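TrEMBL annotations:
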type: ACT_SITE; residues: K6; note: active site
type: DOMAIN; residues: 63-152; note: domain 'GHMP kinase N-terminal'
type: BINDING; residues: P87, T88, A89, A90, G91, I92, G93, G94, G95, S96, A97; note: ATP binding site
type: ACT_SITE; residues: D146; note: active site
type: DOMAIN; residues: 210-282; note: domain 'GHMP kinase C-terminal'
Amino acid sequence: MFAPAKVNLSLHIVGQRDDGYHLLDSLVMFATIGDHLNIFDANTRSLTIEGPEAAGVPTDTKNSIMQAAEIFKTERGVAFLLAKHLPTAAGIGGGSADAAAALRGLLKHWFDIPLDDLLQKALDPDRLDEDEIATVSAKLKSLGADLPVCLFSRTARMWGIGEQLSFLQNLPQVPVVLVNPRVPVSTPDVFARIAVKANPPMPDIIPSFETVADFAAWLAEQRNDMQDAAIEVAPIITDVLAALAMAKGCHLARMSGSGATCFGIYDTEDAAQAQADVLSAQHPNWWIKPAILGNSAVGPKLATA
């Protein structure tokens, strides 16, 4: 199962609930890079992690994959093998993407039910409105605010605390370079440093764009309201943003999620690859990957706009 990276192209903090949860308005896309999860029959439950980003990732019930398995009311065993390619605590939804992959995989492995079929039975296949999407999403929020959007892995506008989704089909695929300085950032620490909790949302309507450059220009008018607070936690984010902004052909440099991963937007895949090579030579200790953002092929085919 593929667990694609989630990238917040914009992230507006628009309020805070009485229970402390922050209210968001965010535009999310999914990348062509991510983790890979294999599932095998076993007598007990276990998780083995390998790959370039495996160091320090827990394999017990602290891991979102093992937590996802606990949602199912069964004592059946399972052996997970995760190839970890995404850095942790990086603002690109790695843990949520892994949990979503586990849910998709276990539905098929244990019950022979593809996620598409389950959701199509639960929802009207001829009309999927935003209230129905929210109902499904709310059941999954116990695994984190990013879990619902990662389960669908579709370009979406995400609001509430992350459980409300509106899928979008009118946006271009976006070539990017993703850069993480290998400094983990605690999301609660970032939230605690946000000074203003009631900021303006994105425009009601997200228009269509003929070019990536036009889309990037519109995104430049939006924000990531967590960026300044994240820089307080990890000042090196400023260096990452500066390196991306100075790279040839970069239309926009911004942080994703709560950081520290940042992205730069380019016109073409070749341009992104070229600048990823340049940045990798300049900063050999950073995690730097070119990717294409859009809809992932792993989620249920229920996208509407």
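The count begins at 1 with the first shown residue.
Any Cβ shown, glycine's included, is placed from N, Cα and C.
Counting every protein chain shown, the number of other Cβ atoms lying within 10 Å of the Cβ of G93 (ATP binding site) is 31. Cα to Cα, K6 (active site) and G95 (ATP binding site) are separated by 10 Å. Each of the binding-site residues A89, A97 was scored by other CB atoms within 10 A of its CB, and the lowest score goes to A89. Residues P87, T88, A89, A90, G91, I92, G93, G94, G95, S96, A97 make up the record's ATP site, and a Cβ search at 8 Å around their centroid adds A5, K6, L86, G257, T261 from the same chain. K6 (active site) carries a strand DSSP state (E or B). Within 10 Å of the C-beta of P87 (ATP binding site) we count 24 further C-beta atoms, all protein chains included. Distance between Cα atoms for D146 (active site) and G93 (ATP binding site): 7 Å, as a whole number. DSSP classifies A89 (ATP binding site) as coil under the three-state reduction. Around G95 (ATP binding site), a 10 Å sphere centred on its CB holds 25 further CB atoms from the protein chains shown.
G91 (ATP binding site) has a Cβ environment of 30 other Cβ atoms inside 10 Å.
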